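For reference, the structure I am asking about is given below.
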Amino acid sequence: MGFVYDGVIDSLKLTVEKHFNVANTYFEAGVLTFEVLDGEIKTAFKNCLAELKKIGFLASARREQSVIKLRVFPYNRPTRNDVKIPLVLATATVGTVTVDGILRSSSPIFSIISPGFGLNSIIVNGVLFSLALLGIIFIHEMGHKISAKIDGVAASLPYFIPGLPGVLPTLGAVIFQKEPLANRDDMFDLGVSGPVAGFVVAVLVTFLAFETAVWVPVDRYQQVLETISGQGAFVQPPLIFYLIGMFYERQGYVPFFMTVGFAAWLGMVVTALNLMPIWQLDGGRIFRSFLSRRQHMIASYAALALLVLAGYYFMALLLILMMGRSVDIVPLDEVSPLSFWRKISLIGVAAMFVLSFVPLSRIF
C-alpha cells in the first residue's frame, strides 16, 4: 500500500512503537497511520519526529473523534541556504540605511541645538544610526534563527530589504522557515524570539540615545518643537522612552536626540508591530499557538482595527491584502497544548507591546 514506504515500513513501525502505545496500524488514503493510546504525547512526539527525520520521514498528530492518529509521510529535506542573494541584499541595505542616517543628520536643526555640528558629526551620527538600526534588525532575525536551530527546524539566512533613504531606509528583514514546526511550544518560541531579542537591543540603543542626547533648556524646547514640526520630523516617543528617561532626568532640561534616537524609536515600532496577532507577523505565530483558527482570525481583525486607529494606514492595507492569500499553518503535533509557563510569559509579551507601541500623530 504506497510505494513510498517500500522497504521501510518495519523501521517506521519500530520507531513509532518505541515512543507510543500503538492500538492500531493501517493505511488511510495511502498514508501510514497509527492510532495511539497515550494521553500526553508532546515529548514522545518530538523525540519520535527527530528519529523519523533521520530515515526521511515526518509525522503529524491529530485528535479525531477522541482518537489520536499519528500519520507518517515522506520528508523532503530542505535545500542548502543561498548565500549570494542575502549578501547582496544586506550590502544594499547597509548602503540605504547609512545614506539615510547621513541625510537625517544633515538637518539644520542639529546645528541649531548643537553649535559646531559639522561634517564630521554628520558622518559619525549617520554611521552610528546605521549600526544601531541594522543591529536591532539583525539581532531580531538572529533570535528567530537561533530559536529554529534549537528546535531542529531548518531556516534561511536573513534577507534584508533595502528601502528609500530619506523616507524609510529599510523594510526590515525576513527569515524563511523551511520545514514545519513540531508543536505549539516551538511555534510560540519561533514567534517570540525575534521581538524579544530585538527589544533588548532597542532598549540598549535607547540608553545610547540618552547618553548622546543634547539637553535643551525647557524655555527653548517649544521653539525647537516648532522647528521640528515645520520640517515634518516630530514623532511621539514610546512609553519606555519616558521610563528610561527617569534615569537621566535633569531639572529644567529636555533631551533632544541625535539620529540614533530615531533608530531606537524605529526599533520599538518594529517590535510592537511584530507582536500584533496577524499571521504574517511574529505575533501571528505567538497567538496562533494557543488560539483556535477562528479566535486567531478575530484577533487579527481586532489588531488591524488598532493599526488603523493608531495611524498605520498603509501597513493595515498591506496586511489586509496579504491576509487574503494566507493559509493556516499548524504544527505537526496538533494535540499538545501550549505549555503553562509559555502562557504565563504572555504577560511579558503584553508588557513589551505596551512599552514599545507608538500611535502615529503624523507620518514623516
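Glycine is no exception: its Cβ is also placed from the backbone N, Cα and C atoms.
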Which residue range, 43-63, 85-105, is the one TrEMBL calls transmembrane segment?
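Residues 85-105 are the ones TrEMBL records as transmembrane segment.
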Using Cβ distances below 8 Å and needing 3 or more such pairs, separated by at least 6 in sequence, tell me whether the transmembrane segment (117-140) contacts the transmembrane segment (298-320).
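These two stretches do not touch.
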Report yes or no: does the transmembrane segment (298-320) come within contact of the transmembrane segment (340-360), defined as 3 or more CB pairs under 8 Å with a sequence separation of 6 or more?
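Counting Cβ pairs under 8 Å (6 or more apart in sequence), the transmembrane segment (298-320) reaches the transmembrane segment (340-360), since there are 3 or more.
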